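Engineer: Shown below is the structure under consideration.
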Amino acid sequence: MAHTKKGPSRRMQKQGPPQSLDEILGAKKRKSAAPTNGAIKKQKTADKDAPKKKTAAQSNGAKKVRGEHEQAPVVKPKATKVLKKTAKPAALDVLADSDEEDLELDDDEINLEEDGLNGLDMDSDADDFDLAPSGSDDEILDDSDAEVRREKMWSEDEDSDAEERLTAANIEGLSRKLNEQRAREAAEAEAELAEDALQTNIAAELPDDEDETNGGLLAPDLQLLRSRITETVRVLSSFKDLADPAKSRADYTQSLLKDVCAYYGYSPFLAEKLYSLFPPQEALAFFDANETPRPMVIRTNTLRTHRRDLAHALINRGVTLEPVGKWSKVGLQIFESQVPLGATPEYLAGHYILQAASSFLPVMALAPQEHERVLDMAAAPGGKSTHMAALMRNTGCIFSNDASKERSKGLIGNIHRLGVKNTIVCNYSALEFPKVMGGFDRVLLDAPCSGTGVIAKDASVKTNKTEADFLRLPHLQKQLLLAAIDSVDHTSKTGGYIVYSTCSVTVEENEQVVQYALNKRPNVKLVSTGLIFGKEGFTKYQSKRFHPSLKLTRRYYPHMFNVDGFYVAKFKKTDVTPAALVGNPGARVGDQANGAAEDEDEDATITSEGGDQDEDDVEAPAFETFDDDEDEKLIERSLRRNLRRKGIDPKATKSAAVKSYSKSK
Ligand SMILES: C[S@@+](CC[C@H](N)C(=O)[O-])C[C@H]1O[C@@H](n2cnc3c(N)ncnc32)[C@H](O)[C@@H]1O
């Protein structure tokens, strides 16, 4: 049975990357010592003395402390402006701790966070935002600053420095505070567990057979398991120093995986697959992160409203929210809501869609332009198609395709609700593209996948995925990706791009699929996703080697960025796909540019030719470059494949077998 860890809810953690110090230090300084915060909360002027409602963070144990400077009057440097007195937003309480600590920081940091807060406060509809620090009678602000910020905060295009500062302040303060608190609690919990372990004399011994005999009958002792997992991870992390010389690394790993299965509820198969992606300590963080939900996020539909106006409307309905992070201009992270977010008038009017933050990323990477022709190959229920429509301002044309008729109904519903007018819904297997239609400026393939990135949402993934799934799905993904590439017009003046994404973290569904496409379609190369955060894709994984350009792809993990596990790769098509290959996905021609190999599994890694290449060298090959040497290699490969089919090991018997087989043909 899965166990939920104690600690502050991840809902309260900022999504995306932590704010870079440089950016924070680059923001404008102010001399006053006003409180710092950027969270938004419905104004409570009517009843400022009423007890405040708890925020999610508070109910999760975040300490409510008012920073000294919160009560301090703000010094007015020049002309001043007096704004209405307001109650302190509940969300601010969460940050009060960090405010206090900020007092010990240098002036720069204090003042910068303050900027973020005031940036938010400068909304012209000030009444609806909590503008003033509680405890101060009047918010006194520099007039000129206020004007600038009023203009910039929640501005029409949301491209606001002030907002960035707000976000910076939010991320910095909120996440630092929560991280510290988490670290403290984790340390306390560890100490407690270690003590328990000593008391019960169950120190982190590897399980023996007796555990197994009892295992099937008794409920697992979660505390014992946790303690042993932690200890085994510790040993594995410093194996030379800490391991029992009588035991191998494999022994420890095996024991750890067994405990992970019992503690978190994974099948042994999936536990091993996911474990293998990380160093032991990080694997544990990943498994832990899968036990807590990601923050609820909504995407503003900019075809119908602006984020500022939407925030305003929802705040008035009792929703506590803040911008999702600096990296998005349309996301709002929901902390608390007194109304069902799928049934507000704003929702019904199509002002927003409930959408995981990670789902913004592939569309941002694709960056569809106005007036383009775009294909969304696997579009239902339409979160990404409708996002694209908004970026394209309802111009051009999006073909939103999905193989499932049933799921397409949801897609159509969202298209109507969100006021999308540039979209044609179609219901093909995307494998049929480009025969259905080609010549697109951009194609998004948000592929069907195993969902190992969204285990926090769907815990059934822990047990219902089998080895067969990790053969079937990558096979489909590879074929779909080739179809996506073949559907793009490489001569497009504005585009020629393909984005491949999954909500899975396995290498089979990500790097191996991308490498396969590079091998089969040398007329594409990987390019930067343009996303400002994310971990580089693997270029090495176990015995597999991928092209260096795989570094340009991006991995997202819940434990690292507090978003769903996700993968994004962006290709640029540089040449036409030869007609012989179109609609014949598995076939290849002269495909040495990106690495080539023998059968499908090997196609998912690179040969030495591809592996030697430099990232920048990934050029489209000339398609006319058939030569005899190359043909000979291809023939030999084909012969070896035939030998294998006949049960003969071509490596063991290579030349003789190949020769005799060739002769017999
Ligand atoms: C990850 S979901 C897509 C989510 C969607 N992009 C969004 O943002 O709302 C994968 C979709 O692929 C569809 N699908 C599965 N096989 C397909 C195929 N061969 N061709 C087209 N769509 C397919 C599924 O019906 C499912 O809706």
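Every residue, even glycine, has its Cβ placed from backbone N, Cα and C.
Curation plays no part in TrEMBL annotations; they are all automatic predictions.
According to TrEMBL, the protein carries these features:
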type	residues	note
ACT_SITE	C503	active site, nucleophile
BINDING	A378, A379, A380, P381, G382, G383, K384, D402, D446	S-adenosyl-L-methionine binding site
COMPBIAS	1-13	compositional bias 'Basic residues'
COMPBIAS	611-631	compositional bias 'Acidic residues'
COMPBIAS	653-665	compositional bias 'Low complexity'
DOMAIN	286-574	domain 'SAM-dependent MTase RsmB/NOP-type'
REGION	1-85	region 'Disordered'
REGION	114-145	region 'Disordered'
REGION	584-631	region 'Disordered'
REGION	645-665	region 'Disordered'
Engineer: For the S-adenosyl-L-methionine site (A378, A379, A380, P381, G382, G383, K384, D402, D446), what does the 8 A shell look like? I mean other same-chain residues with CB within 8 A of the CB centroid.
Structural biologist: D376, S385, S400, R407, L411
Engineer: Please state whether DSSP places K384 (S-adenosyl-L-methionine binding site) in a helix, a strand or coil.
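Structural biologist: The three-state answer is helix.
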Engineer: Give the distance between the Cα atoms of C503 (active site, nucleophile) and G382 (S-adenosyl-L-methionine binding site), rounded to the nearest whole Å.
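Structural biologist: C503 (active site, nucleophile) to G382 (S-adenosyl-L-methionine binding site), Cα-Cα distance: 15 Å.
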Engineer: Can you count the other CB atoms that lie within 10 A of the CB of A378 (S-adenosyl-L-methionine binding site)?
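Structural biologist: So the number of other Cβ atoms within 10 Å of A378 (S-adenosyl-L-methionine binding site) is 22.
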Engineer: When you measure from the Cβ of D446 (S-adenosyl-L-methionine binding site), how many other Cβ atoms are you left with inside 10 Å?
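Structural biologist: A count of 24.
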Engineer: I'd like the number of other C-beta atoms within 10 A of the C-beta of A380 (S-adenosyl-L-methionine binding site), please.
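Structural biologist: A 10 Å sphere around the Cβ of A380 (S-adenosyl-L-methionine binding site) contains 24 other Cβ atoms.
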Engineer: What three-state secondary structure does DSSP assign to D446 (S-adenosyl-L-methionine binding site)?
Structural biologist: strand
